Amino acid sequence: MAFPIVRHRRLRASAGIRGMVRETVLNPLDLIQPIFVTYGTGIKREIASMPGVYHFSLDTLKEEVDEIVSLGIPAVLLFGIPETKDAVGSSGFDENGIVQEATRLIKQWYPELLVVADTCLCEFTDHGHCGMVHTHTVDGVLHGDVINDASLELLTRTAVSQAKAGADIIAPSNMMDGFVQAIRAGLDEAGFEHVPIMSYSVKYASAFYGPFREAADSAPQFGDRKTYQMDPANVREAIREAESDVLEGADMLMVKPALAYMDVIRVIREQFDLPLVAYNVSGEYSMVKAAAQQGWINEKAIVLELLTGLKRAGADTIITYHAKDAVRWLRGE
Ligand code: PBG
């Protein structure tokens, strides 16, 4: 009689046994919730392309943070929309800048909640690039080159001002060469040698950041980010990026975006022993939300499947706009 020698279905027969042999379990402690803060009063404004994600003014921020804390999410990632922008992004390293103010407030309310500060200039520069630019006009069209080494000083000032305000983790996302080393040196010099750097080590020049750039008003005013963010076609280069960050003193590595880059997450996991963060970015969130709003997918099941997939691929921590919902669903709400 022909019959299967191996019966895989024995270990799938009930919820109990499936739970027993489950290899990857998503935990609220794995998640980081991003927050957008803005000037003004009484503002809780939904971002059109990111349903369920809002801009908060400092006076409405507390209810959001209360909710995050009550759900047991251990960390938030802060993005700020400044009042003014200029060529060097000075509102990014202003001691009273929007991110610095929000950080101080959150740490006052909840000393235990980890505040992760995104260290970049694109939200604060009038040209929307992540560093300083030299501009020139060719046939009436503005062009610009982002100047690496001069940008490092501004980024370091930004990181130090964020640490001064109380940020627990500095997360530089600018993709200049040498940014980890420069920021590490700056933090150490200012007495913040205990503040870790979560480096956006492997950050691709991705179309998945579209909704974020609308939310943060940070789209480049000319050109694109392809001279500093990575080519989506490359994975060996990801190893070189991660390696240099490790040598420069990064405490955690990141791969961004996440869903189209699970192979990259796996490779970085296998090659490096540092904690690894995956950033489930805005466009990835918006796609799920749009399909869910149409009634085409089961949002809860899809989100938990995606986040579990990222963890299975090798991420220890996931930055995701779904964090609050995911925790509610994990709790069975
Ligand atoms: C700043 C930054 C960006 C994102 C995080 N930090 C935008 C960019 O690089 O253009 C994108 C996050 C998202 O899409 O959710 N450089």
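Every residue, even glycine, has its Cβ placed from backbone N, Cα and C.
Database features, via TrEMBL:
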| type | residues | note |
| --- | --- | --- |
| ACT_SITE | Lys203 | active site, schiff-base intermediate with substrate |
| ACT_SITE | Lys256 | active site, schiff-base intermediate with substrate |
| BINDING | Cys120, Cys122, Cys130 | Zn(2+) binding site |
| BINDING | Arg213, Arg225 | 5-aminolevulinate 1 binding site |
| BINDING | Glu241 | Mg(2+) binding site |
| BINDING | Ser282, Tyr321 | 5-aminolevulinate 2 binding site |
Run through Cys122, Cys130, Lys203, Glu241, Lys256, Ser282 for me and report the recorded positions whose CA is within 10 Å of the CA of Arg213 (5-aminolevulinate 1 binding site), in sequence order.
Cys122, Ser282
Using the CB centroid of Cys120, Cys122, Cys130 as the Zn(2+) site centre, which other residues of the same chain sit with their CB within 8 A?
Gly89, Leu121, Glu123, Thr125, His129, Gly131, Ser173, Asn174, Ser218
Near ligand 1, meaning Cβ under 6 Å from any of its atoms: which of the binding-site residues Glu241, Ser282, Tyr321 fit that description?
Ser282
Run through the Cβ atoms and count how many others sit within 10 Å of the one on Arg213 (5-aminolevulinate 1 binding site).
17
Return the residues near Cys122 (Zn(2+) binding site) by Cβ distance under 8 Å, restricted to its own chain and a separation of at least 6 in sequence.
Gly89, Gly128, His129, Cys130, Asn174, Ala216, Ser218, Pro220
Which residues in the same chain, at least 6 apart in sequence, have a Cβ under 8 Å from the Cβ of Lys256 (active site, schiff-base intermediate with substrate)?
Ser173, Tyr200, Val202, Lys203, Tyr204, Ser206, Ala278, Tyr279, Val281
May I ask for the distance between Glu241 (Mg(2+) binding site) and Ser282 (5-aminolevulinate 2 binding site), taken between their Cα atoms and rounded to an integer number of Å?
23
